[in-house]
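Listed features, source Swiss-Prot:
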TRANSMEM  11-31  transmembrane segment
TRANSMEM  34-54  transmembrane segment
BINDING   His138, His142, Glu207  Zn(2+) binding site
ACT_SITE  Glu139  active site
TRANSMEM  152-172  transmembrane segment
TRANSMEM  182-202  transmembrane segment
Amino acid sequence: MHKHNNGLKTAALFGVLWAVLLGLGAIIAAGTRSTTPIWIMALIGVATTAYGYWNSDKIAIRSMAAYPVTEAQAPQLYQIVRELSVRANKPMPRIYLSPTMTPNAFATGRNPKNAAVCCTEGILHLLDARELRGVLGHELMHVYNRDILTSSVVAAVAGVITSVGQMLLIFGSGDRRNANPLATIAMALLAPFAASLIQMAISRTREFDADEDGAELTGDPLALASALRKIESGVSQLPLPPDQRLVNASHLMIANPFRGGGIRRMFSTHPPMKERISRLERMAGRPLL
């Protein structure tokens, strides 16, 4: 029931995201007295969704300067991923390594047959084999649950909404053909905000599910809890720079790779680490020491 409810929640939020995009089109249409902008917004949404679907793996891997590794180069990674893939009765994904020393990992790809798992050099140095197994279990469940498709498409549509909102704010309010400039300004400001909230809610739901499903796959919730605690500490000491390419791919990572608190943390696509660890402790029936 829990997973079913989360699936319905994700579908509903994605529907709202599309409604926001079409709402932007409606505001533009009201100003221009034409339905063409609505169709343009719909086409942009479809094109962006298709692009996110087909290129999610390439975008994320490129942003982290990751490269494929062979079993001879990363025997431990291959051993763990192969074991968990067999346990789940799923195809084994391609394995990549990113040279960054910030500890993190992510999975990407539109489906299990076209998936890739990437670890950073930093996470391999930081975690022991048991903790790394917990992280890889989490990432594989993102693949098997097709969360990468969901998160990539949501991020792409949210990005379109933000861009269109900025264009409306710059050009739309001063257009003399616009019958309601105040509504245009309000929509231009609120639509990107709403898109960010929706993206955050969907991403957090999928992260909690991947934690739970990954812990079930490995049979060791506390291994993932211990890894998350170490990763949080490692990121705080060596965060990624807020480069836009990295920001665009950050929703795929197991932990928020940037330093920040306050408002930035409130609107993070990742749930609070303390809550994630607490849930895993409840699964294990005992606290992480």
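Including glycine, each Cβ sits where the backbone N, Cα and C put it.
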Nonlocal neighbours by CB distance (under 8 Å) for Glu139 (active site), same chain, sequence gap 6 or more: Ala105, Phe106, Ala107, Val117, Ala210, Gly214, Ile254
For the Zn(2+) site built from His138, His142, Glu207, further residues of that chain with CB within 8 A of the site's CB center: Ala107, Glu139, Met141, Asp147, Arg206, Asp209, Ala210, Asp211, Gly214, Ile254
Three-state secondary structure, which DSSP defines for the residue listed as 'active site': helix
Neighbour count (Cβ, 10 Å) for His142 (Zn(2+) binding site): 27
